[in-house]
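Asker: Structure provided below as C-alpha cells; questions to follow.
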Amino acid sequence: MVQAGTWDFVNPALAACAVVRAGKVAAPKLVTAPILSGLGSNAGGVAAGSYAAAAQSSIGNVASGSLFATGQSAGAGGLGSVAVNTAAQACGVFTGLMSCKRIVALLGAGISASSGLPTFRGAGGLWRSHDATSLATPEAFDETPGLVWQFYSYRRHMALQAEPNKAHYALAELSRRNEDFITLSQNVDGLSQRANHPSKQLHLLHGTLFTVKCTNFYCNYSEDNYTDPIVPALQIPKKSSGLNPSATDKTGEEASKAIAEALDETSNEVDISDASNPIATVDKKDLPQCPECKDGLLRPGVVWFGEPLPEKTLNTVDKWIAAGPIDLCLVIGTSARIWPAAGYVHEARSQGARVAVCNMDPKDTPGELHYGDWFFQGDAGVIVPEILKSVIGEV
C-alpha cells in the first residue's frame with residue numbers, strides 16, 4: 001500500500017503519461033526540488049512548469065542520472081507521473097523504505113562498471129572478436145584452454161587493477177548494520193569481497209575469478225589464488241618503450257613522457273582485448289597445472305554456461321527467502337531476466353517485496369515493473385550510496 005504523500009520511482013517511459021489529479025487530467029509538469037519537499041502535505045498538487053523528459057542529476061554529474069517518480073497521494077486519490085530535477089532530492093523520497101528489515105540485493109555487472117570493468121554485455125560483449133559468452137563454456141576450455149585462460153587471466157588482471165566503488169562499500173555497510181540483509185551477486189570480480197562485505201551475507205551465484213580448481217574428475221583440488229599472472233605464460237605483453245632519441249625532441253619532453261609511461265605498468269600494457277593487437281598462442285603445458293594430482297589443468301572457479309550453480313549457495317538463499325516476508329528487493333546493475341536472478345525477483349515479490357531497480361539503461365528491468373516499484377537511472381556508484389545514506393551515512 002502506497003502511503004499518502006509518498007512517491008515511487010518507475011520506468012522513465014511512464015513519465016510521458018499525463019498527470020491525473022482528483023479524477024482530472026492535466027498536462028505533465030516538472031516538479032522542482034522545493035515543490036518535491038512539500039509533497040507530503042500536498043493532495044497531489046503539482047506546481048506549474050514545463051515538462052522535462054529527463055532531469056539532470058546534481059550528484060556526481062551523472063550523464064544519465066535521470067530519476068522519475070510516480071505515486072499516489074491518498075488524499076487526492078490520483079495517480080501522477082513526474083520528473084524530478086535533482087538526484088539528491090529524488091533519492092530522499094526513497095528513504096522511507098530503508099526502515100525495511102528483510103532486504104535482498106541482486107547485483108550484476110553494472111555495479112562494477114562504475115569501477116571501470118567491462119561488462120561484456122550487449123554490443124560491447126566481445127573480447128578479441130570473440131563473443132565473451134562463447135569462451136565461458138566447458139566445451140571452449142576443452143577445445144582451446146589457452147585462449148580461455150588468456151580471457152580469464154585478462155579479467156583477473158583488470159579486476160585486480162580496479163577498486164571497489166561507493167556502491168560496493170554502501171552495500172557492505174548496510175550488511176553490517178542489518179543482519180537480515182543479504183546480497184546475491186552474479187559478479188565474479190571480487191570487488192564486493194574487497195569492500196569487506198560480510199561473507200555470511202554475500203552469496204556468489206557464479207563463483208569467483210580468484211578461485212581455481214582442478215579439471216580432473218577424480219581430483220577435488222581447489223584454492224583461492226590472487227597471483228597475477230597466475231603463470232608466466234599469461235603475462236600481458238608490454239608495449240615497446242619508445243625511448244629512442246629523436247632529433248626533433250629539443251627539450252627532452254618526448255623522452256620524459258616515454259619514461260613516465262614506461263614506469264607506469266598499466267599504461268605500458270598491450271590491450272589484449274583488442275583483436276588488432278597480436279598475442280602469442282599459449283601451449284597447454286604452460287597453463288596452470290594441478291599441484292595435487294599432477295594430471296589435470298586448473299580452471300577458473302566460475303560457473304560456466306551449461307554448468308549447475310553452487311547447490312549449497314542456492315539452498316542457503318532458498319532458506320532465507322522461505323523464512324518470512326521480504327520487505328525490499330534491490331536490483332542493481334542487472335536486468336535480472338535470466339534464471340535464477342529472474343526467479344529471485346519473482347519470489348521476493350511473492351513474499352511481499354517492493355522492487356527497486358538501479359541501472360544505466362531504462363530498458364534493463366526485470367520484466368515489467370509493477371506499480372509501487374522504483375527505478376533509478378544512472379551510475380550505481382553514485383545512486384546506491386545516495387539512496388542508502390539515511391541508514392548508513394556517508395561512505
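Note: Cβ is positioned from N, Cα and C throughout, glycine not excepted.
For reference, TrEMBL lists these features for the protein:
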type	residues	note
DOMAIN	77-395	domain 'Deacetylase sirtuin-type'
ACT_SITE	HIS206	active site, proton acceptor
BINDING	CYS214, CYS219, CYS290, CYS293	Zn(2+) binding site
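On this model, are these features tucked inside or out on the surface, and what's nearby?
Answerer: Cβ neighbour count for HIS206 (active site, proton acceptor) (all protein chains, 10 Å cutoff from its Cβ): 18. DSSP classifies HIS206 (active site, proton acceptor) as coil under the three-state reduction.
For CYS290 (Zn(2+) binding site), the number of other Cβ atoms no farther than 10 Å from its own Cβ, over all displayed protein chains, is 20.
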Asker: Got a sec? Which of these binding-site residues, CYS214, CYS219, CYS293, has the most Cβ atoms within 10 Å?
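Answerer: By the 10 Å Cβ neighbour count, CYS214 comes out on top.
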